[in-house]
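Q: Please see the structure below; I have some questions.
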Amino acid sequence: MDRLETTIAGVKLKSPVMNASGTAAYGQQMAKNIDLNELGAFVIKSTTMEPRAGHPWPTTAATTGGWLNAVGLKNPGIEHVLAYELPWLAENYPDLPIVGSIAGSNPDDYVEVAKRMATAPNVKFIEVNISCPNVAKGGLAFGTDPVVVEDMTRRIKAVVPNKPVFMKLTPGVTEIVPIALAAERGGADGLVMINTLMGMEIDLETRKPRLSNGTGGLSGKAIHPIAVRMIHQVREVTNLPIIGVGGVFSAKDALELMVAGAGAVQVGSANYGNPHACHDIIQGLVPAMDQYHFNNIAEFSSEK
């Protein structure tokens with residue numbers, strides 16, 4: 001077996017490295033810079049029932065230690081994705097597992113998008129972005145309430161019984177463990193953690209926030225220690241597969257998340273400054289494994 005191969009929720013991956021949702025859209029641009037077949041899987045941007053225009057510009061801002069973004073889930077909607085984006089990936093990368101990231105404004109939206117996303121043959125995982133605001137609860141993110149997380153997970157698994165469903169956890173909670181356990185009770189096949197942290201920057205010239213939305217999700221190196229801590233906490237209480245994300249800029253960063261408890265990793269903000277980031281991290285894994293005396297990536301898997 002190749003030293004980089006591993007298995008997550010029963011799906012074989014040629015490497016443990018994926019892109020993070022929203023950092024490579026549906027793959028066409030990233031494919032100009034790296035061979036997508038190097039990836040363990042490709043994660044599409046979060047897709048909703050209807051097309052979304054997203055927030056007006058500016059939607060991103062570089063900040064100390066990372067990026068702030070408030071794109072507003074801009075996407076063409078599930079029907080377009082099923083008709084055009086996923087077929088393009090299937091035609092050009094037939095052996096590449098696709099992670100279908102989904103989002104919504106209410107639980108019914110999530111369930112319907114998950115059901116439709118799962119019909120695509122090349123979608124091997126469903127990733128549920130539960131950092132979205134719950135309109136019925138005054139805008140509070142779905143992922144902050146264990147009761148909501150458990151119920152939503154159960155409802156999604158009811159319509160997607162034959163493909164792994166991974167819940168992507170928000171770090172914007174007092175305690176992450178109850179949220180992870182709620183997802184497990186609901187039948188989640190795995191977890192993706194962590195999503196971005198809410199932040200803000202103010203332009204001193206204008207006295208206004210730098211992002212049109214005011215606040216935005218903080219990603220990048222600044223959140224890496226938080227991801228390590230939360231993954232470690234959750235690994236202590238569950239054997240669910242974990243895909244780690246948060247400030248992965250190097251092979252050593254990836255290994256740190258895996259030592260904490262992840263079986264695979266996603267690369268997000270690093271792609272903004274370096275379009276070859278995923279390739280570079282994959283190429284650096286074997287030398288880093290040799291340096292720190294790891295035999296293979298599969299030893300990090302919770303599926304022994």
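One-based numbering along the chain as shown.
Glycine is no exception: its Cβ is also placed from the backbone N, Cα and C atoms.
Quick paste of what Swiss-Prot says about this protein:
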BINDING   Ser21, Lys45, Ser46, Asn129, Lys168, Ile194, Gly220, Gly246, Gly247, Gly268, Ser269  FMN binding site
BINDING   Lys45, Asn69, Ala70, Val71, Gly72, Leu73, Asn129, Asn195, Thr196  substrate binding site
ACT_SITE  Cys132  active site, nucleophile
Q: Which binding-site residues are spatial neighbours of Thr196 (substrate binding site) here, meaning Cα within 10 Å, out of Ser21, Ser46, Gly220?
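A: Of everything listed, what lies within 10 Å of Thr196 (substrate binding site) (Cα to Cα) is Gly220.
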Q: Between Gly220 (FMN binding site) and Ala70 (substrate binding site), find the distance joining the two CA atoms and give it rounded to the nearest Å.
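A: Here the two Cα atoms are 14 Å apart.
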Q: Using C-alpha atoms only, work out the spacing between Lys45 (substrate binding site) and Gly247 (FMN binding site) and round it to an integer in Å.
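A: Lys45 (substrate binding site) and Gly247 (FMN binding site) have their Cα atoms 18 Å apart.
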Q: Residues with Cβ closer than 8 Å to the Cβ of Cys132 (active site, nucleophile), same chain and 6+ apart in sequence?
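A: Residues satisfying the criterion: Leu73, Ala103, Gly104, Ser105, Ala141, Phe142.
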Q: Please find, for Lys45, Asn69, Ala70, Val71, Gly72, Leu73, Asn129, Asn195, Thr196 as listed binding substrate, the greatest distance between any two Cα atoms, in Å.
A: 15
Q: I'd like to know which of the binding-site residues Ser46, Lys168, Gly247, Ser269 sit within 10 A of Asn129 (substrate binding site) at the Cα level.
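A: Those near Asn129 (substrate binding site) - Cα within 10 Å - are Ser46, Lys168, in sequence order.
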Q: Between Ser21 (FMN binding site) and Gly72 (substrate binding site), what is the CA-CA distance rounded to a whole number of Å?
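A: Counting only the Cα atoms, the answer is 13 Å.
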Q: Other residues near the substrate site, CB within 8 A of the CB centroid of Lys45, Asn69, Ala70, Val71, Gly72, Leu73, Asn129, Asn195, Thr196?
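A: Neighbours found: Gly22, Ser46, Ser131, Gly217.
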Q: Just checking a number: largest C-alpha distance across Ser21, Lys45, Ser46, Asn129, Lys168, Ile194, Gly220, Gly246, Gly247, Gly268, Ser269 for the FMN site, rounded to a whole Å.
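A: Farthest Cα pair among residues binding FMN: 19 Å.
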Q: Around Lys168 (FMN binding site), how many other CB atoms lie within 10 A of its CB?
A: 26
Q: Could you say whether, by DSSP, Gly220 (FMN binding site) belongs to a helix, a strand or a coil region?
A: coil
Q: Enumerate same-chain residues with a sequence separation of six or more from Ser269 (FMN binding site) and a Cβ-Cβ distance below 8 A; give 'none' if the list is empty.
A: Thr23, Gly66, Trp67, Ser219, Gly220, Lys221, Gly247, Phe249
Q: Near Gly72 (substrate binding site), which residues of its chain come within a Cβ-Cβ distance under 8 Å, counting only those 6 or more away in sequence?
A: Arg52, Ala53, Gly54, His55, Thr59, Asn213
